[in-house]
Amino acid sequence: MQFSGGNRKRLRLGGDQRNACYPHSLQFYLEPPSENISLIEFESLAIDRVKLLKTVENLGVSHVKGTEQYQSKLEAEIRRLKFSFRENVENEYERRRRDHISHFILRLAYCQSEDLRRWFIQQEMDLLRFRFSILPKDKIQSFLKDSHLHFEAISDEERSLREHEIIASSTSSSASKSELELESVYKIPFADALDLFRGRKVYLEDGFAYVPLKDIVAIVLNEFRAKLSKALALTARSLPAVQSDERLQPLLNHLSHSYTGQDYSTQGNAGKISLDQIDSLSTKSFPPCMRQLHKALRENHHLRHGGRMQYGLFLKGIGLTLEQALQFWKQEFIRGKMDPDKFDKGYSYNIRHSFGKEGKRTDYTPFSCMKIILTNPPGQGDYHGCPFRHSDPELLKQKLQSYKISPDGISQILDLVKGTHYQVACQKYFEMTHNVDDCGFSLSHPNQFFFESQRILTGSKDIRKESIQPEAPQPKPSVQKNKDASSALASLNSSLEVDMEGLEDYFNE
């Protein structure tokens, strides 16, 4: 893909050629675009794609994925931003082209770190899940073939021989014989269906999994995630060549460092809480993941490294200073009969390191919900992680009972957890513990839980960060530094500032 300062004449394609380029409303993005586009279009497509993925994220943590409300709101946003979503729609070529090019543009922006890649992959997977869910059944086989997924539907005779076993093993307990007769069943190598096998949700025979049509999406998403993860790693290797282009670097930096969500670094919030407040705040305003860490620390006077990182950065984000953090952890560890000198030698360095005062001088930011859920699962003797994701359902039920959640509320939360809607479950917990019908925000960060809780409980804006700007690992280039660039670049940077301001307002709506 090449870029120019002005508008280039686009290659005109006939109807058959257009259909061959984009035969479906969804794709695996296996081939990069090869046409020339202007810098203005590059910028516009990138910003629209980020808006779409941010909507996917917000809807995913405020609604149960796949519900009618979730589907209708996401479809409305895709329509508004003019991206493809349905088959058999006339004049879809331009929408599919926008979808194709914008995806590859964001690969350049979101391949730069593990957190960025994780966020991008998750939102793209959710978008693909939505599009696949509305893909006509008669188009699925051709889509699988075009995506290089060689999954063939078994014959009616073969399906009838295994009908009982397939229904019994299905992910849906309401699956019936009549439903199975109406849909295809795919014979897939066992290694490609590990997620379904792990959950005991698929019938296995002679090294093959027999997957009904309604469950094939899990296989498709796994393949998509693997391919996209590998592609992002390859993109990262070639990134220096792209970043050397002064026309693109400002936009890519803005996209990658500003719009994956607030990072809740301390900035103007340091020193806003005292050590004496922590016990009280833990029961009133801490999310369950941090509440269980605080309780374990007070009871055991120790946390393992994963717990110290997760909890320590959370406390830093709500306002604990470096001096307060050193005092807090030292007092607690000494209560566990640890020698003060041992703490100073073995643990103080790590605390100072997390505040950017040692080692690489990286000022670490608190973990987001996505990072807690998807990385570093807790082992025996650990207390970090997400209780909704990593706790046994019975233990989670007991924990919610100890938090004085009503039986009906516990049932609602456990149903959400069973459906793997962990952030929605935490949001439901927030609404129940704060006695609100609708919290009015999409929960994506433990520190967001804390600040929103304080806003409701105290009505004070003092403890809540009034302006939280995500930190960039490297300084953002200024438009002023590019005075010697071409007039086209100057025009791009000028419009970039305006569009980025609009994008920031869009995310704060």
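Every residue gets a Cβ built from N, Cα and C, even glycine.
Predicted automatically and left uncurated, TrEMBL annotations should be read as such.
Residues or ranges marked as domain 'DNA primase large subunit C-terminal' by TrEMBL: 280-450. Positions annotated as [4Fe-4S] cluster binding site by TrEMBL: Cys289, Cys369, Cys386, Cys426. Summarising the annotation, TrEMBL assigns region 'Disordered' to 463-488.
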All chains considered, the count of other Cβ atoms within 10 Å of the Cβ of Cys289 ([4Fe-4S] cluster binding site) is 26
Local confidence of the domain 'DNA primase large subunit C-terminal' (280-450) - pLDDT mean: 93
What is the set of residues, excluding Cys289, Cys369, Cys386, Cys426, whose C-beta falls within 8 angstroms of the centroid of the C-beta atoms at the [4Fe-4S] cluster site? Pro287, Pro288, Ile372, Ile373, Pro387, Phe388, Arg389, Tyr422, Gln423, Pro446
Residues near Cys426 ([4Fe-4S] cluster binding site) by Cβ (under 8 Å) yet at least 6 apart in sequence within the same chain, in sequence order, are Pro287, Pro288, Cys369, Cys386, Phe388, Leu443, Phe449
